[in-house]
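Q: I grabbed these lines from TrEMBL:
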type	residues	note
ACT_SITE	B:C87	active site, nucleophile
ACT_SITE	B:H192	active site
ACT_SITE	B:E194	active site
Amino acid sequence: MARHRVLVMVSYKPSARDPEGETLAGELRRLGYTWILGARAGKAFVFEVEAGSREEAARLVEEMARETRLYNPAVHSLLVIPLA
Amino acid sequence: MPRVAVVKFPGTNCDEETAYMLREVAGVEAHVVWHTEYSWRSWDATVVPGGFSYGDYGRAGLLASWSPAAEQLREAAAAGSPILGICNGFQVLVEAGILPGALLPNESGRFIARWTRVRVHAPRGPWLLAAEEGMVLEMPIAHAEGRYYHPDPGSLLRDRPWLEYLENPNGSVANIAGLGSQDGAVLGLMPHPERAAHPLQTPRGRGTGGRVLFESIGAALRRGW
């Protein structure tokens, strides 16, 4: 067993309006970053996890996020990225 | 009569009472100016008032620091024109790089609205002209991101006016409630002077600590500083 780090990002599904992301993208385009087509804002967490492998760490965190409703599947999408 | 701009961003909500106190206490002409219309050369001084510019998206003050008004404010600061940033206005000045450091979420993780006492250190410049060293001012705070941070507060505070919380409400380093540029022409603070500038605003036992800032700018713009 080893220590792993897993990044979790909770953001809105494309079907839900996201004023923060929309405003950020609009303002950045106005500043000249016209190659930005859109942005989604959300909340990011880095979990420190004890697990046998990166893949297991990511799976454990994703299960936890589902069970605890760390995200609300009605409106949120979940991104889980094992870091190390 | 001196003319002072109160810059309004989308989400600014303390503009009218700030302009009111500039008129009533400072005795100057004050106008609320939409951020895209603001040009510093048209004004004798500028106040960036409190509120939630751009809904605090990203970080408090971040998106306002992308507004053309931020470039105007940087030019005004470089030219020595007086600028006061209150609460969200302080956050805007910090995000725009006009004042150093950062304002982080409160240590408690909560929005805090309460009266505070702050001590004035090294008063100078137009906003603290009428203040005296060691004077204690009572003003309310209302913020979620007011924990001032700077990696080296010791050298930061050596040569500039600043305000010290007597009871640190948010975990600010060195109890910093506000600080100025070295000559004091620019001042940023988390407490709200415009909410403590008239006896009708203060609960029993609290003082009108914000009044001295408005009296200072009025006197400074009329007689120099």
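Cβ from N, Cα, C; glycine included.
A TrEMBL annotation is a machine prediction, not a hand-curated record.
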Q: When you measure from the Cβ of B:E194 (active site), how many other Cβ atoms are you left with inside 10 Å?
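A: If we count other Cβ atoms within 10 Å of B:E194 (active site), we arrive at 27.
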Q: Please list, in sequence order, the residues in the chain of B:H192 (active site) that are at least six apart in sequence and whose C-beta is under 8 Å away from its C-beta.
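A: Expected: B:C14, B:G50, B:I86, B:C87, B:M139, B:P140, B:I141, B:A142, B:G210.
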Q: What is the total of other Cβ atoms whose distance to the Cβ of B:C87 (active site, nucleophile) is within 10 Å?
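A: By my count, 30.
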Q: May I ask you to report the DSSP-based helix, strand or coil state of B:C87 (active site, nucleophile)?
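A: SS state of B:C87 (active site, nucleophile) = coil.
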Q: When DSSP states are folded down to helix, strand and coil, where does B:E194 (active site) land?
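A: In the DSSP reduction, B:E194 (active site) maps to helix.
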